[in-house]
Amino acid sequence: MELWYTEKQTENYGITAKIEKTLHTEQSEFQRIDLIETNQWGKMLVLDGMVMTTDKDEFVYHEMITHLAMNTHPNPKRVLVVGGGDGGAIREILKYPSIETAVLAEIDGRVIEVSKEYLPEIAGKLEDPRVDVQVVDGIKYIHDNKNSFDVILVDSTEPVGPAVGLFARDFYQGIYEALKEDGIMVAQSESPWFNSELITRVFKDIASIYPVTRYYTASIPTYPSGLWSWTMGSKKYDPLEVDEAKLIEPENTKYYHKGMHKTVFTLPKFVGELLK
Ligand code: PUT
């Protein structure tokens with residue numbers, strides 16, 4: 001008998017994939033964790049019924065949450081990822097020769113362990129000596145580490161349950177304080193199709209704290225609606241003002257390249273309207 005998995009992305013719409021095999025399922029202290037094998041997308045990590053990453057399209061999300069900030073900052077040495085227990089953002093951060101320490105602050109240690117076991121292409125760099133894995137509440141971590149980071153990436157789940165706090169103005173203010181004087185943050189900010197009110201509010205909140213606020217999108221087929229977005233808050237550097245001759249071409253990317261560093265901020269009209 002065929003088994004199918006559906007993520008209900010709105011009250012009236014979902015995305016469905018045929019399950020070849022369930023490789024792992026558990027209820028951790030924080031959430032249900034499923035690792036399923038699909039023909040269409042390879043292995044798929046699902047948290048509380050929501051797709052977090054898949055073998056075949058993970059590169060878009062992990063490259064795009066990482067390289068716009070990393071390549072805008074002229075010398076990122078100390079970087080923090082809040083959430084992101086699958087390790088994909090850490091893998092991309094380590095492509096910058098300036099990196100001294102990449103801290104992963106993930107609340108659920110089981111996500112890290114399951115990812116290491118089943119998603120080695122994504123999580124494989126978590127063992128790198130430059131990586132400091134902290135199984136900790138990211139909100140508390142940034143509160144306890146002020147003026148510490150060049151770049152902070154917020155790689156959260158959807159804004160439900162405990163993750164709601166990772167979309168709050170207070171949290172973006174806490175990140176501001178955890179950044180050094182010229183630091184940059186990027187937060188994943190959901191789908192322009194399905195989360196328009198959230199995007200408007202998050203952009204406004206970040207713009208009320210950071211002198212430079214930018215928003216960009218990319219296509220991720222397994223995420224709700226297939227169109228995903230990120231919001232950048234920067235204390236000093238503007239990605240639209242960088243000297244393109246100084247941009248790094250990160251190795252082994254499949255989506256990001258330095259030629260798109262500025263063009264990615266050009267938005268479709270209906271998306272740009274959300275930011276007014
Ligand atoms: N952390 C990635 C965002 C999840 C989207 N389903």
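Just so it is clear, glycine is given a Cβ too, placed from its N, Cα and C backbone atoms.
What you see is a predicted model, and the numbers here were worked out from it, not measured in a lab.
Residues or ranges marked as domain 'PABS' by TrEMBL: 2-235.
The Cβ of Glu106 (S-methyl-5'-thioadenosine binding site) has Val81, Gly83, Gly84, Gly85, Ile112, Val133, Gln134, Val135, Val136, Gly138 as same-chain neighbours under 8 Å, each 6 or more residues away in sequence. According to TrEMBL, the feature S-methyl-5'-thioadenosine binding site maps to Gln31, Glu106, Asp137, Gly138, Pro162.
Marked as spermidine binding site by TrEMBL: His62, Asp86, Asp155, Ser156, Thr157, Glu158. His62 (spermidine binding site): 25 other CB atoms within 10 A of its CB, across all protein chains.
Long-range Cβ proximity for Asp155 (spermidine binding site), meaning a same-chain Cβ under 8 A and a gap of 6 or more residues, is found for Ile65, Val81, Val82, Gly83, Gly84, Gly88, Ala89, Gln188. DSSP assigns Asp155 (spermidine binding site) to a strand. Positions annotated as active site, proton acceptor by TrEMBL: Asp155.
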Cβ-Cβ under 8 Å from Asp137 (S-methyl-5'-thioadenosine binding site), same chain, 6 or more residues apart: which ones? Ala105, Ile107
With an 8 Å cut-off on Cβ-Cβ distance and a minimum sequence separation of at least 6, pull the same-chain contacts of Thr157 (spermidine binding site), or say none. Gln31, Leu47, Asp48, Met50, Met52, Gly83, Ala163
Write out, in the order they occur in the sequence, the residues of the chain not among Gln31, Glu106, Asp137, Gly138, Pro162 that have a C-beta within 8 Å of the mean position of the C-beta atoms of the recorded S-methyl-5'-thioadenosine site. Phe30, Gly83, Ile107, Asp108, Ala163
